[in-house]
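Taken verbatim from TrEMBL:
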- 24-42: transmembrane segment (TRANSMEM)
- 63-87: transmembrane segment (TRANSMEM)
- 107-134: transmembrane segment (TRANSMEM)
- 155-176: transmembrane segment (TRANSMEM)
- 196-218: transmembrane segment (TRANSMEM)
- 297-322: transmembrane segment (TRANSMEM)
- 353-372: transmembrane segment (TRANSMEM)
- 392-409: transmembrane segment (TRANSMEM)
- 429-452: transmembrane segment (TRANSMEM)
Amino acid sequence: MEAADYEVLSVREQLFHERVRECIISTLLFATLYILCHIALTHFKKPAEFTTVDDEDATVNKIALELCTFTLAVALGAVLLLPFSIISNEVLLSLPRNYYIQWLNGSLIHGLWNLVFLFSNLSLIFLMPFAYFFTESEGFAGSRKGVLGRVYETVVMLILLTLLVLGMVWVASAIVDNNKASRESLYDFWEYYLPYLYSCISFLGVLLLLVCTPLGLARMFSVTGKLLVKPRLLEDLEEQLYCSAFEEAALTRRICNPTSCWLHLDMELLHRQVLALQTQRVLLEKRRKASAWQRNLGYPLAMLCLLVLTGLSVLIVAIHILELLIDEAAMPRGMQDASLGQVSFSKLGSFGAVIQVVLIFYLMISSVVGFYSSPLFRGLRPRWHDTAMTQIIGNCVCLLVLSSALPVFSRTLGLTRFDLLGDFGRFNWLGNFYIVFLYNAAFAGLTTLCLVKTFTAAVRAELIRAFGLDRLPLPVSGFPRASRKTQHQ
C-alpha cells in the first residue's frame, strides 16, 4: 500500500475513534440523567399503583414509568444543553491545547444538540401519547386479556392520533403558507414534517415561558421566604408554634371524641391534617433554633440576590430590544457548524459566560415555579408519594415542552450570543422581526408589572405584620349586608 492509502486509513480510523468516543460520552451523560430522573419519579409515584393485586396493571404502570423517566431525562438534558455549550466554549477558549479536554469539541456539542432534538420529538410525538393510551387501555373487546392486548389497542390509537395530527398540520401549513412546495414538503415525514410539528410545539413552549416566567420571577420571593428563616422583625415563630399546637390539639380532641351526631367527620382527612400540622411544627422548631447569622444575614442576602438577578434579566432584555432596532445581527439564528473555542460569546469573557449560565438556570427555575403557581396548572403539581401515573405523564410532557423551548427562549431574549445549533435554528418564526421584537417587549413589560405589583404588596403586608396592625380589630367592609328580610325578623 502507498503512503496516501495509509493516510486515508489513519484519517478514517481517527474519525471512527472520535465517533465511538462521542457515543460513549453521550451514553454516560444520558445514563446519569436517567438515573437521577428515575430516583426523582420514584419518590413522587403512588406506591399503590405498582403493588396492586392485578399484575397486569402493575406491569403497565412500570413500563409507563420508564417512558416517563426517559422523557424527563431528555427534558433535563435540554435544560443543560445551552449552559453546557457556553461553558465548553469558554473552557476551550481558555485551554486550547490541553490534552485532557481534547474530547470536548464542536462535533460532540453539535451531536448533543441533535440528540436532544431527536429525543424531544420522539418523546412528545410518540412515547408520551403511547404511555398515556397504554395506561388507559383495556384491550379490544373479544380479544385476550393481557399486556399484549393493551399494546395492540395503544398502537391503533397512536396511529389514528398520528394521522389526525398530520392532517391538522398539513391543513395549517396550507392555510398559513399557500404554496405548493410547502404542501409537498410535508410528504417527507422525517425531514420536514417532524421539524415543522416540533416548531409549532416549540412556539407554544416559548409562549408558555412568556407567561410563566414573569409570574415565577415574582413568585420566587415568596417561595424563598418560606424556605429561609426570616428576621424576628418580619416573622414571629413563637406565635406560629402556638397556633400550630392549638390546632393540633383541637383536631386530636375531635378524633378522640367523635360524639357529634350532626356532623359527619372524615377521620382520614383529620389524620392527614394532624400529620401535616406535626410536620409543620417540626419545621418551625428547626427554624426557631436557627443561628443569628442565618436569621439576620441569610434572608436579606437571598432577597438581594433574587432582586439583582431579576433586575439584570430585565436590563439585558431591554438592551436587546434596542439592539434589535439598530443591528440586524441581534436576531436569533441557527448555526450549522459548531466552531467552539475561537471567540467568547460574551463581551465580559468568562465572567459574562458564568452570568449567562446563572441567568438561564434562574429563569428556568422561575418558569417552573410560575407554571405550578398558575391557576390553570396548579392541579398538576406532583405530591410526595401520592402522584397518579396519568399526572406523572402530564408533568413530564409539560416539563419537556418548557425545557426544550429554553434554548430558543434564551436566544430570543438575548440572554446569550450562542447561536442555536442543529434543527433548533430551523424554526421559521425565528426570522420574523416583529415576533421577536414583540416577544422581548412583552417579556420586559410583564416581568416589570408582576414585580412591581408583588413587591409592593409583599412590602405592605410585611410592614403591617411587623408593626402588629394585622391584630387590630378593624372593621371588615367585605362582609355582605344582611338582607331586608333578616333585618325585619
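Glycine is treated like the rest: Cβ placed from N, Cα and C.
On a predicted model such as this, the values are computed, not experimentally measured, just so you know.
By the Cβ criterion (distance under 8 Å, sequence gap of 6 or more), the transmembrane segment (353-372) is not counted as touching the transmembrane segment (24-42), fewer than 3 such pairs being found. Only residues 6 or more beyond the boundaries of the transmembrane segment (392-409), in the same chain, are considered here, and those with a CB under 8 A from a CB of the stretch are 41, 44-45, 64-65, 68, 71-72, 74-76, 78-79, 81-82, 116, 120, 123-124, 128, 131-132, 135, 201-202, 204-206, 208-209, 212-213, 332, 360, 363-364, 367-368, 371, 377, 380, 382, 420, 424, 427, 430. The list of residues near the transmembrane segment (297-322) in space but at least 6 beyond its ends in sequence, with Cβ under 8 angstroms from a Cβ of it, reads 217, 220-221, 224-225, 228-231, 234, 330, 355, 358-359, 362-363, 413-415, 437, 440-441, 443-444, 447-448, 451. By number of Cβ pairs under 8 Å, the transmembrane segment (24-42) is matched best by 107-134 from the list 107-134, 196-218, 429-452.
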